[in-house]
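Below you'll find the structure, written out as structure tokens, and then a few comments.
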Amino acid sequence: MNYRPESTLRQMNCYEFIELFEQQYINEKWLLIEQRIFEMLRQIFECASDEQPPLGIGSCINSRALYATDIMLEYDDKTNLIQPKLLEINFVPDCQRACKYYPQFFNQIFNVLYRDVTEGQDYDKNDVAQSHTITIYHGHEATELRGENEPTIILTSNMLLSILQHLSFGLFVYISVVSSKCIWYEGVRDGYNIVSPDGEAKAVTSDEHLHLLHEMCPHIDTNKNTKLCCDIKQLQAIGKFKYIVDNLIGRCPSCYYNFLRIFCEMSCDPNQSDFIYPLNLLNVTKYEQHVHSVDTVDNGEELQPKFEGEEDYKDEEEEDNNQQLPSKSSLVADSQKPVEMVEIVSKIRYFISETQANDFINSCWSVRINFQYAIDILCGAMNRACNVKTLFEYIGLKNEHAKIRIDFVFVNNLTYYDQQLGKTFTPSTEKMFRCDQPVILPHAQGHKCTCSDCTAMCPLVLSDSNTTIKDTGKVEIFGGRIHRVTLGAIVMYILFVFIFIVVHVFILICRYRTDKKDFQPVVVATDDTHDKQTNDRVRISLSKDIVSEYSYEPEHIRLLDRIGIQIDDVLHNVFEAIGRFSAYNPRMVIIPVCVILFVLCFGCRYYTVTTDPVDLWVAKNSRARQEKDYFDQNFKPFYRIAHLILVPKNGTTVKLDYKTPLGAVEQHTFGPAFEKNFLYDALKLQLEIEQLTAGAEGGKTIYLNDICYKPLEPDNNHCAIFSLFQYHQNNLEFLNDSVYASQYLECIQAPITLETKTFKQSCMAKFGGNVDPYMVLGAFPTKDGVPDYTGGQALIITITINNHPHGDQKLKNVLLWEKKFLEFMSTYKSDWFDVKYRAERSIEDEIERESRSDIKTVVISYMIMFLYITLALGRIRSWRGLVVDMKISLGIAGVALVAVSVCASVGLFSYMKIPTTLIIFEVVPFLVLAVGVDNIFILTHSIQRDRRLPGEYVECQIGRIVGRVGPAMLLTSLSESIAFFLGALTPMPAVRLFSLYAAVSVLIDFLLQITIFVSFITLDHKRTRARRADVLCCYKLKSSTNRNRNRKTETKSSTVLSCLNCGGHHKTVECEQIHDQKNDNDNNNNNNNNNSDRHEVAATENGHLVDSTDEQPLKTEKKEIYGSDESVEEHLLKMDGFLFRIFQIHYAPFMMNKFVRPIVLFLFTSWLCLSIGLLPHVKIGLEQNITMATDSYMIDYFLALKQYFAVGPPVYFVIKNGINYGDYNASNLICGSSGCSEDSLVNQLSSASRSPSKTRLAQIGTSWLDDYYDWLRHRGETPCCRINKHTGEFCSVNYNSTSNCEECTPNFTRNGLSVNNFNKYLPFFLKDNPNLKCAKGGHAAHGQSVSLTADNNVEASLIMGYHSLLISSNDFIEAMQQAYIMADNITKTLRVAGYDVEVFPYSIFYVFYEQYLTIWRDVLLNLSLSTTAIFFVTFILLGLDIITALIITLTIAMITIDMIAMMYVWNIEMNAISLVNLVMSVGISLEFCAHICREFILSVKGSRLKRAEQALAYMGSSVFSGITLTKIGGIIVLGFSHSQLFQVFYFRMFICIVLFGAAHGLIFLPVLLSYIGADANRIRIQRFHRQKSRIKSLDLIQSQPSLVNSHFLPLAQTELVSNNMDTLP
């Protein structure tokens, strides 16, 4: 076939064509296509030979013919097969190109045509006997010429034409078999070896030759008499190759020397021909003739070996060699010199034992170079996709940088017969060293590879290893694992159910037997009569309770009762005095208190809000905080990032063109992330971001380049931006190429490629580093554990930015640029993708925005609670008195005091320079409002239920009431304050600050309530009596006529009780008259016995006169009491309203029902057991997306991060000062290369990284120490470490070297390196940029890994690794916990060896997640301290009543346990926020319990059941309306907040706190008190009887019988019964 003169033809050998063809067409085998070609040619020649000449080809045994065929291959769409198409056949074709391409073509074709010698033989006049007979087959005839014992080769027509076809293509060549032992000897240039002329091995020529042989091939036991197939030039060429390999795998001697063995045997073994066969030869000129090559292609271009190196590197030795090689123009001038042509081997077939090949790859499998595996680099693969076949194919055939192409054939047996070559080969059977074996060779020795490079050297990571977290909380049971706490809860519940059933069965049996007996009459003796009266059938059991009320004698009174009543009297007197003073002197109270409040609140102007998460959640003395500070001080703060995740809107795959190694354009299916328009728009976005600017102070413009992280600065000033576009250096025009995908394919496979095949471009990023595909591509599929990056569904762009300490101006500039970046991204839109983004400041900004946006929700919540308070405080009895009965002004005052108390606490701590937090503003008002409103309701309700005596001023009335309810208010407020103060002992700043502010706020609110609020109540009470309108006090309603008429009667009646209450100490005429009447009545006492049934012995119960028989109250007659037109009970019901009626008439009796109480006890105990069982299952942590508002862009970012990201965060293992790295023994405990200790830091970490699912350590990088030693040991044409002879300065290979530079360590060994030289050369290593000649330069990988002192000693150093992919909070916590375990084990190892040094792990998230390592301990500590404080305070203030104190503590503990269990059910995680809420729940729970328990204690009824019912009826409505109803409305509003934080941690937890507290306080607690409540104080009972005897001595009893017949009496008439009586002896 003829070609145009300007056409460029590419030389391609047949074997190359076949290999590349089968790579392109995976489903097609060349053998089948070749058969189709042969069949086509056979049919043609059969047809041509069917006719006799001249119509056809005749048969002539002595004739030979040479034909050439032109064939093309066509793809048949119908059959889906590739079919040959014959273009033409030429007789006696032009063989010029064939001779040019294949130097042996001339000899070979003449052997065939004239000597009948086929493939596999060369011409040799002395070897004619080995020639074969050729039979030319035409049609069905054959003529045979052969000797009797000679082998026969039948060359059919189709075979002959196949040979000619191959020749015409220039694709097929036969190389003569070298029957000798050596196939080559003598090297002529790098990697090229001359074909051995005689095939004989030759002896070592010199001592230099021998020394070099020992160094390059130490496994060959040689001397000067040893004959080899390589000369000194070949060994020098091996040396250049050896030094590159040394950089990759030299750290593992087994791998390194196994690799050398393979290629040394190939180069020098004296029996090469046993396992090597040459496939291709080239004619070149020797160096001495100063000619590069005579091999040219059709366009005249020289075939010149290409040296691969960096453009900016020039080596002196190479320059010297290059100076000896003249340029092309000089060749013309020297053309008169003789030119010697030599034949070199350009391709061989290497027969290698498959066992040997597998042993080699196994020995190298784990050897790493930084974060890549060396075997992946040798294999041209990524992420462990390498295998034996791939490795040797890449080394031998696919590596374009290789000078000799090697076709490796794997042999399973001792011998192998190659049918194509017609020869039997015997590969080497030498055993390879395993990586866990020491290397012992005749001329080299090496240690075992360490764990970091050899998995077999790593100890097994067992489940109970120190590097795994021992789950000691779980036990094996019934084949499964269950937590011990859960198991204990199950056992406890089973025991409870059993006891519960047994007890109630016993009770039912007893009741059944009792019911069969007749009721016995009970005679009850009263102290006002000597007669005995038989009651209607009362059970004996109840009569005992009745009699017990009167059986207390002074000698039987307990000491605790005496002390308790004295404490109660003191508290009553103190609070009564405070109440009277505040009521009588409102101005003297309000003005000073307002002044003090103003001073305290004025401090708010100095307040500071802590928003930094580190300062907010991490204690300054915590381990993570101290380690972070150490890291920042020695290595600079961890860099900040700006992150973009670009997700194509079109999620379908795309087919893109790419170039194959043959140069053909094919298609491959890529993921949507490789679509051209998407990539184009994404790169434009990246370039726009790089050009973003922000304005700073002074008009300075801030560019990204001013603040970004530059790893190779100052040599390279480009920002470290990790993106896919770095594979073509962010060149936008590159995407216009139709086969742009070829660059991505090549760079994804080998990210450190310096020159791709298609575009001849580097894959290295502009900033000088490599970009791993898993960092820039998202959601790529995997197959058999190997990722397919070409299927990526998203792009990830990571911009790294330098970080600085707080307050630094540089950090302010960074924040300004990040703000500009976020503003730009918030408005960015693309037609091709959706972008999820974040900056380092995003979380703080969003939390701040979230807090501002929820102010409206919080305000509405508090407004609802405020409205309820103002309405619920009033008791509206008629529409006519609506404006009078309202308590809006009082409600405003109460809520204002709550706000002022919080403000005052903030101001107080602001004076003390203690910062506040957003949690304080969100939670503390809620807490103080709960405590304060409860006290407000109880105080207000007590006043409303009380009837002021006409002879008593309003101020005295309010003082009495404050004296009664003040101790209860003190109990709750003081208990909570002390509990919160103890909670401030926790090291967590957020919890500590909350506890301090809460304690002070509650205390201030309490002080305001018993002072200024009492003044407000007094004024409001006077306003109500004056019938003035609320708020508009100037407006006064007219009084009714009946009310004025009744005032006279009321005055006289109230005077009676006033005298009664004071014990006759009032020195007034009315009082004396009443006492006179009392004496007269005593004389006529016997005449009044007929009325005793209506005057049953009354008991006083905190202001209530009740029937002592514990039966239903007698019917109340509607008669006037003290001039009023309503009975006492009607008065209470009207004054307390609807809720009181519900609790008094319906709820309390229902709860005390004999069937309801057991059910309540069973249900609540079951609830408690269930909650205890769920405690271990509560998750800890705080998911980042929960902290964001529902409309935040960060929500989308977090979701995209989980979906598309594939790498965990980096982790650094920092080695503190205390170890001398220059010391050989010390460095052995750090390094990880061969010869280092098996328990060294690197080896322990490498061992842990073998089990990433357990240790959460995915990979560990090479240590700076190992790379430093490799850098010093580097041997090549130019060593890495060189210094100027005269100045001592470092001579980097990245710059033109001079003759004044000399090697730093000529004979380097680790144990021979002095400490001074170690410290001297270390700075040179840390600033040396890596390159092809010196890959271990430490600037890029380790420039920030070592902190040096002024005298170059190592102050601190680190080793970098990566965690496995972390998604949930539990993943982060476990990763940190595992890292701490590993670091502690390493520290222990170093200290055992005698080095006082500490190793700690550091990652950016540790400082935030450290709290979760001790969160359960903090929870138990805080809650235990709080409940303990409550127990002691309640024990003291309740009059040393230990049973009631224990009941309150138990109830609060149950509420808290149920709250924690609810967190599991409602998916609330345990963290600092929930801990704050739990601590707060303890305080609020006390409000639900304390008041009811105090009412129970003050009751003088003999039956626990009735006392519990009375406490629930009287206090239940106040607690229910004061806390439960007040909070419910406001909390429900929080559920509509946009903040997930509010919804989860405030709405869910707050509503559970209120509901659980109400359920336990109003349901469970009264039932529990009815069962095991403390007995009534005996002194209080005796006081009641004394008071009762005085009442009955008055004529008032007969004139007003309804007084004692009522079930309740107001507090004003009887409260002094328990407080103002004479103390019993």
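Glycine is no exception: its Cβ is also placed from the backbone N, Cα and C atoms.
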Correct range for transmembrane segment (source TrEMBL, candidates 167-190, 1199-1222, 1511-1534): 1511-1534
Highest-contact recorded stretch vs the transmembrane segment (1445-1466), from 888-912, 961-982, 994-1019, 1419-1438, 1546-1574, CB pairs under 8 Å: 1546-1574
Remote residues contacting the transmembrane segment (1511-1534) - C-beta distance under 8 A, at least 6 residues beyond either end: 857-858, 860-862, 864-865, 868-869, 872, 926, 929-930, 933-938, 941, 1102, 1104, 1136, 1139-1140, 1142-1144, 1147-1148, 1151-1152, 1484, 1487-1488, 1491-1493, 1495-1496, 1499, 1542-1543, 1546-1547, 1550-1551, 1554-1555, 1557-1558, 1561-1562, 1566, 1569
Where among 490-510, 589-608, 918-940, 961-982 do we find the most Cβ pairs under 8 Å to the transmembrane segment (888-912)? 589-608
If you count every Cβ pair below 8 Å, which range out of 859-876, 918-940, 961-982, 994-1019 shares the most with the transmembrane segment (589-608)? 994-1019
Long-range Cβ contacts under 8 Å made by the transmembrane segment (994-1019), restricted to residues 6 or more beyond its ends, are 575, 578-579, 582-583, 585-586, 589-590, 593-594, 597, 600, 890, 893-894, 897-898, 900-902, 904-906, 908-909, 914, 916-917, 919-920, 923-924, 927-928, 931-932, 935-936, 939-940, 943, 954-955, 958, 962, 966, 969-970, 973-974, 976-984, 986, 1422, 1476, 1479-1480, 1483
Take the domain 'SSD' (854-1019) and average the pLDDT across it for me. 80
